[in-house]
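Engineer: Below is a structure I'd like to ask you about.
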Amino acid sequence: MEIGSAGPIGAQPLFIVPRRPGYGTMGKPIKLLANCFQVEIPKIDVYLYEVDIKPDKCPRRVNREVVDSMVQHFKVTIFGDRRPVYDGKRSLYTANPLPVATTGVDLDVTLPGEGGKDRPFKVSVKFVSRVSWHLLHEALAGGTLPEPLELDKPVSTNPVHAVDVVLRHLPSMKYTPVGRSFFSAPEGYDHPLGGGREVWFGFHQSVRPAMWKMMLNIDVSATAFYKAQPVIQFMCEVLDIHNIDEQPRPLTDSHRVKFTKEIKGLKVEVTHCGTMRRKYRVCNVTRRPASHQTFPLQLENGQTVERTVAQYFREKYTLQLKYPHLPCLQVGQEQKHTYLPLEVCNIVAGQRCIKKLTDNQTSTMIKATARSAPDRQEEISRLVRSANYETDPFVQEFQFKVRDEMAHVTGRVLPAPMLQYGGRNRTVATPSHGVWDMRGKQFHTGVEIKMWAIACFATQRQCREEILKGFTDQLRKISKDAGMPIQGQPCFCKYAQGADSVEPMFRHLKNTYSGLQLIIVILPGKTPVYAEVKRVGDTLLGMATQCVQVKNVIKTSPQTLSNLCLKINVKLGGINNILVPHQRPSVFQQPVIFLGADVTHPPAGDGKKPSIAAVVGSMDAHPSRYCATVRVQRPRQEIIQDLASMVRELLIQFYKSTRFKPTRIIFYRDGVSEGQFRQVLYYELLAIREACISLEKDYQPGITYIVVQKRHHTRLFCADRTERVGRSGNIPAGTTVDTDITHPYEFDFYLCSHAGIQGTSRPSHYHVLWDDNFFTADELQLLTYQLCHTYVRCTRSVSIPAPAYYAHLVAFRARYHLVDKEHDSAEGSHVSGQSNGRDPQALAKAVQIHQDTLRTMYFA
């Protein structure tokens, strides 16, 4: 298999993704149910038309209303009793051809507008091609799909897209679509999140090609929406004001900034014009209150006068403002100076919250949405019954049948690897249900800590000296048991305050105590000190730091202290445990490097922050030690721009550490969605090859490129209740599926490698996009599962392989390195993310790790 000629990125060559090399056989069989429902599709052709609506750039909801109105209006002349389905953009499908000329037809459609005015639209409908579901049947039987599901093409001849549109047409008219999910306003339940937001429940629905058949993936889903309420109340929620009437003064600057950040970009409707509820988008909040905010008003005689907003509302609407001391919303285009007093505006219903939730909101959300596996299974079954596909007129029009029972699948529970510890007795731990115990065991290679310091950023009142003493004694006891002895008392133990004292203190420590190995930093809750400690320690001075929350110092538990030791040992160059060598797959017989890669994007609404790409690589044969590389790149760019130089660095580092050149590169890539598979693979595979060739022109190690996906909606349930594990009744750790619900012929599998503690476990989905090493299904599944046991932060198997997890941690840590002390306060009170005033060079320098830290696992 060879990639076509290396053309420009735009023109992608034909790319042969490897076919499945066979099925896995290892492990104990387990009967499962998957939330996939078989869709029977007739072997017919359907007709695709391109729809062009002018004015364009309307939201899909409006487009749907236009097309719906068009079908009703031109029923007699064009549509007859056909029921077309429409994707909200440019594709319209019919089961029978329409009587329109090959040149297409232009139609006029009007929708009732706001305030009694009609909105005119021009719609052109033009035949594009027939779409064959015969071909789809052949592909599902193991042929090849006509083309990958390119979801970004404007008019898609892809038969899978046609199936998807048929099944989404009715719900798109009935509910509020968000991505591939549908939501409706809460009725009979109320889940406020605070800050003017609330939880809406709904369902996810997507069509997936599976073996021999099409499957409909259905899952329960929840997301945050803004509560429809008066803007005054919204402001009170955002600013924690309990009673607006007790706020007789104008907003403070910091309050106004916080309120602006939340309401900017939202739609509001006005209440002072009777039934004419005009809607506007908020672009800003005025600095001045309504009583002082002026604008130029043109009088009937043509002269222009300055009026305050409060005056204008009194004169024009005989409305005496109740809160003239509050600011106004500036709406529409900034240059137009349209101001509305807060008290005449409501937040428009049905607006999804794309801004990042606060920590409290996130935890409320999880509590409201976490369901044990059996509950979720029941809820999904209920959803499918209530969706009632057999009565959906559009599903009937295209002769579909949707089964209403979940797909039965046979999975396998893979054996867990044994883990080798150190100490005199070199004990072995065998995980049970994804968990093992370190009690009575010592690290494989423990570090001796001779020189260490404590910096306490909690106040002396919060954390008295005897509490600190008790904590250090406990920590030393646990660390000695774990085989990582901390010798004697700290060489330095002082209280400090505020982020500004971090750098001078650390510089003093570095200059005074040569051979200082570790600084333990005690933090008083969520604080900007953390970001500063990591910036100074990781990037500026190259010092190992371990932060601990003060609550865990006051109330120590062996579990917390033991977890602390897991992190400290690794940061200082130790090895906690290794996979017992003789049970590892044969890929370990020659030098192999495991790479993990991830790109994290700034939260929505933060246009100015860069995306961060991280790649980590294993540095030994176990594999247990990793080295990290990190770069900033253009916001929202998924391809790792600088991958060639990052991989090159890691290969050099591997050679320095092991004196071997890897003969194989196993690359786990997180965070790529299916629509991007081909372009990301094309660019990144060539980049990895380029890195190899830049070291030696004949150096061509075999590359295996695997995408790891966690953000999908496939869930697996035990068919037999007795197999359920734990309080939430999940599938056992190690459950693997590579038949029935997987791709008809590509090499993919689901593996749930962790024990679900809360809610329903989400199996990770692995898709092999390139494989020079010709892995069998068993080898790759087992290797992947074993790597999930090598994550150093806990004694549990985690949900994705350690290298992919570490890449995520590295990128996440780099976000902290980018926090700009001058602008970013930890609460994020500043509008949008900073790091905007800094040029790309400054950003690149900010995430650069100090030479002394570079070779350590500082991110652990």
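Don't overthink the numbers, they just go from 1 along the chain as shown.
Using the three backbone atoms N, Cα and C, a Cβ is placed for every residue, glycine included.
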Engineer: Which of these, HIS765, HIS767, HIS789, HIS808, does Swiss-Prot say binds divalent metal cation at the same site as ASP598, GLU638, ASP670?
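Structural biologist: It is HIS808, as the record lists it for that site.
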Engineer: Give the range, chosen from 326-373, 758-805, that Swiss-Prot lists as region 'Interaction with guide RNA'.
Structural biologist: 758-805
Engineer: Swiss-Prot lists region 'Interaction with guide RNA' for one of the ranges 36-73, 188-225, 530-567; which is that range?
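Structural biologist: It is 530-567 that Swiss-Prot annotates as region 'Interaction with guide RNA'.
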Engineer: Since the record lists ASP598, GLU638, ASP670 as binding-site residues, which of them has the fewest other Cβ atoms within 10 Å of its Cβ?
Structural biologist: GLU638
Engineer: Can you tell me how the residues of the region 'Interaction with guide RNA' (758-805) break down into helix, strand and coil by DSSP?
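Structural biologist: Across the region 'Interaction with guide RNA' (758-805), DSSP assigns the residues as follows: 15 helix, 9 strand, 24 coil.
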Engineer: Which value does the mean pLDDT take for the region 'Interaction with guide RNA' (758-805) in this predicted structure?
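Structural biologist: Mean model confidence (pLDDT) across the region 'Interaction with guide RNA' (758-805) is 98.
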Engineer: Which state, by DSSP, holds GLU638 (divalent metal cation binding site): helix, strand or coil?
Structural biologist: coil
